[in-house]
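> Please read through the structure below; I'll follow up with questions.
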Amino acid sequence: ASPPEVNCSQYNRKGSGIACSKQLKPICGIDHKTYSNECMFCLLNQNKQFQIRKLYDDKCQIECTNYSAICTMEYFPLCGSDGKVYSNKCSFCNEVVKRRGTLFLAKYGQCK
């Protein structure tokens, strides 16, 4: 089953664009970016050429159950919720385990 669509029209206000609350109710987009709530998801994607869809409710996360404790030198950067860039999934997952699950994926690629 595909994830439910986000109805962005409910956040549009006539003449003023989108005004979002600071409510924290994270969603993960199909672009693997975590958005703080549906309204911010709509605001940040309103001018994109292609439609970003919601993947699921909650912060985006990487599956870390089958990671190796010894990592390769492969470079596929991941930005952690701590603002730090991890060189690949393996190094990110090692840090997730070390921090007992308090680290989340902010996005694929560099943080800035």
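Yeah, the Cβs are placed from backbone N, Cα and C, and that goes for glycine too.
Keep in mind that this is a model prediction, so the values were computed, not measured.
According to Swiss-Prot, the domain 'Kazal-like 1' annotation covers 2-62. Residues annotated as disulfide bond in Swiss-Prot, with sequence analysis given as evidence: Cys8-Cys42, Cys20-Cys39, Cys28-Cys60, Cys64-Cys93, Cys71-Cys90, Cys79-Cys111. Annotation source Swiss-Prot lists domain 'Kazal-like 2' at 63-112, citing sequence analysis.
In the displayed structure, how are the listed features positioned relative to their neighbours?
Taken as a whole, the domain 'Kazal-like 1' (2-62) shows an average pLDDT of 82 in this prediction.
For Cys42 (disulfide bond), the same-chain residues that are 6 or more apart in sequence and have a Cβ closer than 8 Å to its Cβ are Val6, Cys8, Tyr11, Ile18.
A simple way to gauge crowding: the CB of Cys20 (disulfide bond) has 15 other CB atoms within 10 angstroms, across all the protein chains here.
The Cβ of Cys28 (disulfide bond) lies under 8 Å from the Cβ of Thr34, Tyr35, Lys54, Leu55, Tyr56, Asp57, Asp58, Lys59, Cys60, Gln61, each of which sits 6+ residues away along the same chain.
Residues near Cys93 (disulfide bond) in space but far in sequence (CB under 8 A, at least 6 apart, same chain), listed by position: Ile62, Cys64, Tyr67. When secondary structure is read from DSSP and collapsed to three states, Cys93 (disulfide bond) falls in the helix class.
Counting only residues at least six positions away in the same chain, the Cβ atoms of Ser87, Asn88, Cys90, Ser91, Asn94 sit under 8 Å from the Cβ of Cys71 (disulfide bond).
The Cβ of Cys111 (disulfide bond) lies under 8 Å from the Cβ of Cys79, Gly80, Gly83, Lys84, Val85, each of these being in the same chain and 6 or more residues away along the sequence.
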> Any idea what DSSP makes of Cys20 (disulfide bond), helix, strand or coil?
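Once the DSSP labels are grouped into three classes, Cys20 (disulfide bond) ends up as coil.
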> For Cys8 (disulfide bond), just count the other CB atoms lying within 10 A of its CB, please.
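Around Cys8 (disulfide bond), other Cβ atoms within 10 Å: 16.
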